[in-house]
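Before any comments, here is the structure.
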Amino acid sequence: MARTHAVEDYRNFGIMAHIDAGKTTTTERILFYTGRLHRMGETHEGAATMDFMAQEQERGITITSAATTCFWRGKRLNIIDTPGHVDFTIEVERSLRVLDGAVCVLDGNQGVEPQTETVWRQADKYDVPRIVFINKMDKIGADFYKSVASIIDRVAGKPVCLQLPIGAENNFKGVVDLIEMRALVWEKEEVGADYTVVEIPADLADKAAEYRTKLVEACVELDDEAMNNYLEGVEPSADALRLLVRKAVQERAFHPILCGTAFKNKGVQPLLDAVVDYLPSPVDRGAIKGIDFKTEEEVVRMPSDDEPFSMLAFKIMDDPFVGTITFCRVYSGKVESGTTVLNSTRDKRERVGRMLLMHANNREDIKEACAGDIVALASLKDTRTGDTLCDPNKAVILEKMEFPEPVIEIAIEPKSKADQEKLGLALAKLANEDPSFRVSTDQESGQTILKGMGELHLDIKVDILRRTYKVDANVGAPQVAYRERISKKVEVDYTHKKQSGGTGQFGRVKLIVEPNEPGAGYQFESQIVGGAVPKEYIPGVEKGLQSVLGAGILAGFPVVDLKVTLVDGAYHEVDSSALAFEIAARAALREALQKGASVLLEPIMKVEVVTPEDYTGSVIGDLNSRRGQIQGQDMRGNAVVVNAMVPLANMFGYVNTLRSMSQGRANFTMQFDHYDQVPSHVAAEVQAKLA
Ligand SMILES: Nc1nc2c(ncn2[C@@H]2O[C@H](COP(=O)(O)OP(=O)(O)OP(=O)(O)O)[C@@H](O)[C@H]2O)c(=O)[nH]1
């Protein structure tokens, strides 16, 4: 496929929101409006197009981030769907990494909600330009101005209204367009309904004038000439205003606010106009930084077809028609199907076979992808999420992604040999698709352990295993992923000696073992001088140490944040070997972990509960009984927000308790915050249970 749109005419954007704010509905409506105008006469039927997994539809949440291409006013829009549940923030980060801008959808009744806050901060981290769509203006209790205020209060954003709502709740009719100073009114509510342009209603004239002034003043701030003219009494034209808003979005000077109701089909076309007018193109976002594959020096790639080819894989998923597909964003250059490229992250060649462009309800085979494109590649061999694919002769590694450690695990036992085989294949696929999901084998029991970011995260994986891969298996209760760490510095001196008959074994190591800074991980250093432990045996020592790290002495959990220094040792001309040193190091470290007063660490979750005031007392009482530490409480609208740090071990099934405690009215979100020492009486229980 030759280039059909200049890179300047691309908008790669995501839609981010709290659960239930209306992201899926908004996306669907966008696809409808763009599709209808692109291919007249096509109707859209059936379930949500973006949520193509049955699991998602049943749970009513969007988990995967798929990409869809559509067109509006001569621009090419690539929508990257971002999930809203906190267990899947990794997916949000992954998609934020490859998009150039975002539409943040708020529920007009709720304003900024906990998960909006999380994704907003992530968007800040990745410097993603944003516009805000205040949705559900038709809903009872919808409050535009309060929602706008919540952007200031809760995420310290800088909202500037481009529209004001006309009417509210059942009477929501349309919007005042503050740029053109006119009103857009939707007479009908069915999908595809169009608006008519009318005068601003008289009762809104003053308010419109007030907000227009705020808009103009925020805009002229960004441009000296416009400011001078304004001071002289000349306002910028509508076109000039749009350019200034565009500049504001790019520079994150402020966040433009639009509103509507996706469900009732009001406000979607102006939202699409805003995507085109204000969100940046790949060119506006500029060069992407990377590291030269050979020299390891920093290099950049411009968003142009003339640059060396580079792209980033950001999502792997199973497609019901094509099989495994890898979503990639092309940053520079071009790639044709049939060519061989380099996966520079893994130093492996990949053949680019079938390439697809995903539309709302069809897949288009393409032969060539160019800078700015988001494409799906079928059947890549070794590429995982976060990998770079590039021109082998001008190889580059684009920034890598970081993935948090999983905090929760479950054991899974296939029921038959056939299930065992299916499970193996399925798990390899799932782990490939989702780097925050890990699979390991328990060294002692031989059980397969699944690790993830939260109860729901693992729930969904098990569901996929059962339904998609038809694996029949017993699944254990979710377990906390504990860690072990020593609490004081110790010195151990250990000699491994077996010298009776035949070839003997001899190795002596003297280690200093000390706790590392939290999060600093494991470090090994050899300070051997003069060959007390010959060089060729040091790898043996390291191997011995490593073998202990996987399973600590308290309850077999991984040992973290440890520094080991090999300070001295001894060897025997004949009897020493790498194996002898491995055994010595292993025994020495186990002794050190004993002497160093190892403690059990547990993941502590940051929990936010939003509850009607009546239940505040019970919510706090209950959190306290879960060893929670209340950090504070605030009012949000007429609800109380309780913040607490609670051990994950005590959060299992919390959703049900909270529901019954509040008659279903309170809700909560949580995410991993840090690891902390388990109180000794609880540690004893954990050890006893595992013994
Ligand atoms: N009244 C009203 N309801 C809406 C509107 N938009 C969406 N909804 C409803 O709100 C609920 C959630 O909408 P979704 O579009 O699934 O929300 P979402 O943000 O995609 O949710 P997740 O996929 O769970 O993150 C559904 O019942 C929608 O019908 C709206 O504009 N007005």
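Start at 1 and count along the chain as shown; that gives each residue its number.
From the backbone N, Cα and C atoms, a Cβ is placed for every residue, glycine too.
Remember, predicted model here, so these are calculated numbers, not experimental data.
Per TrEMBL, the features are:
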type	residues	note
DOMAIN	8-283	domain 'Tr-type G'
BINDING	17-24, 81-85, 135-138	GTP binding site
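Taking the features listed in TrEMBL, we show where each one sits on the structure.
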{"residue": "ALA17", "record": "GTP binding site", "Cβ neighbours (10 Å)": "27"}
{"residue": "ASP20", "record": "GTP binding site", "Cβ neighbours (10 Å)": "17"}
{"residue": "LYS23", "record": "GTP binding site", "Cβ neighbours (10 Å)": "27"}
{"residue": "THR82", "record": "GTP binding site", "Cβ neighbours (10 Å)": "27"}
{"residue": "MET137", "record": "GTP binding site", "Cβ neighbours (10 Å)": "29"}
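Confidence annotation: the domain 'Tr-type G' (8-283) carries a mean pLDDT of 85 in the model.
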